[in-house]
Structure formats: structure tokens, C-alpha cells
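*Asks:* Annotations per Swiss-Prot:
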DOMAIN    1-53  domain 'Rubredoxin-like'
BINDING   6, 9, 39, 42  Fe cation binding site
REGION    99-134  region 'Disordered'
COMPBIAS  99-116  compositional bias 'Basic and acidic residues'
COMPBIAS  124-134  compositional bias 'Basic residues'
């Protein structure tokens, strides 16, 4: 899929991304865009004036159907797995587990208290100092 650039304002139409605001979904080929279409940024140039920049393959078309697809625009991660909710649940569980491990400390009476890492470090330092004085 190729990229096309407006010679006036440098707007780039990427076939992989499409132009949803103009009604062109991702993977819309340049040939599918009407001839009367004009640059959405400057409206000065018509489709025929655009210059082809490159012919890269979209990540979507190169990957197998069940491979996750990662788009780096705005740090958005999308995946094409048949069960994306399972992956999301696993990530949430892992993140929660890491968070709990980092933020919680067991007290002698088995109550769980939330502590920042700096509080935990200070408490452990105090314990070391007390043990060294004995």
C-alpha cells in the first residue's frame, strides 16, 4: 500500500490508515478514491496532483490472521486475536499482581496495608538500624 503527498501543504494520504474523516476506511486504495476528491487540508490540489511517496506494505497485510497487530500511532495497541478479552484480562491480572506486590506489605496481625515504596524502604532501614544496635 502506498503513500501519496499533496505538493502544496505536504498532507500525506496513507492507504494503510485511510482517512476516516473523509469516509475512507483503513486499507482504502488510492484508486478507490473518487477523482473529484481534493486535499482535506488545503483543498487546493485535486487527487491527480498528489505524488506517490512510497509503496510500503501495511503491517496488517503482512501478518498472519491470528498474529497481534501493533499500531504505534498514539501508543494504541490493537490485536486481531479471536478472543481479545482473554488477553486483556491476562494483562489486567498481571498488572494488578505487580501493583499489589509493589504496594502492599503484610503487618504482624496479618492485615494488609498500602505503603509507597519510599515508606517501605524507610521502615526496612529503621529495622536494620535497630538490629545493628542490639
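Backbone N, Cα and C atoms are what each Cβ position is placed from, and that goes for glycine too.
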*Asks:* Can you name the residues of this chain that are 6 or more positions from residue 42 (Fe cation binding site) yet have a C-beta less than 8 Å from its C-beta?
*Replies:* 6, 8, 9, 11
*Asks:* Around the Fe cation site (6, 9, 39, 42), what further same-chain residues have their C-beta within 8 angstroms of the site's C-beta centre?
*Replies:* 7, 8, 10, 11, 40, 41, 43, 44, 45
*Asks:* Looking only at the domain 'Rubredoxin-like' (1-53), how are its residues distributed among DSSP helix, strand and coil?
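*Replies:* Tallying H, G and I as helix, E and B as strand, the rest coil: 9 helix, 13 strand, 31 coil.
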*Asks:* Find, for the listed binding-site residues 6, 9, 39, the residue with the lowest Cβ contact count at a 10 Å cut-off, counting only other Cβ atoms.
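*Replies:* If we count Cβ atoms within 10 Å for the binding-site residues 6, 9, 39, the smallest count is at 9.
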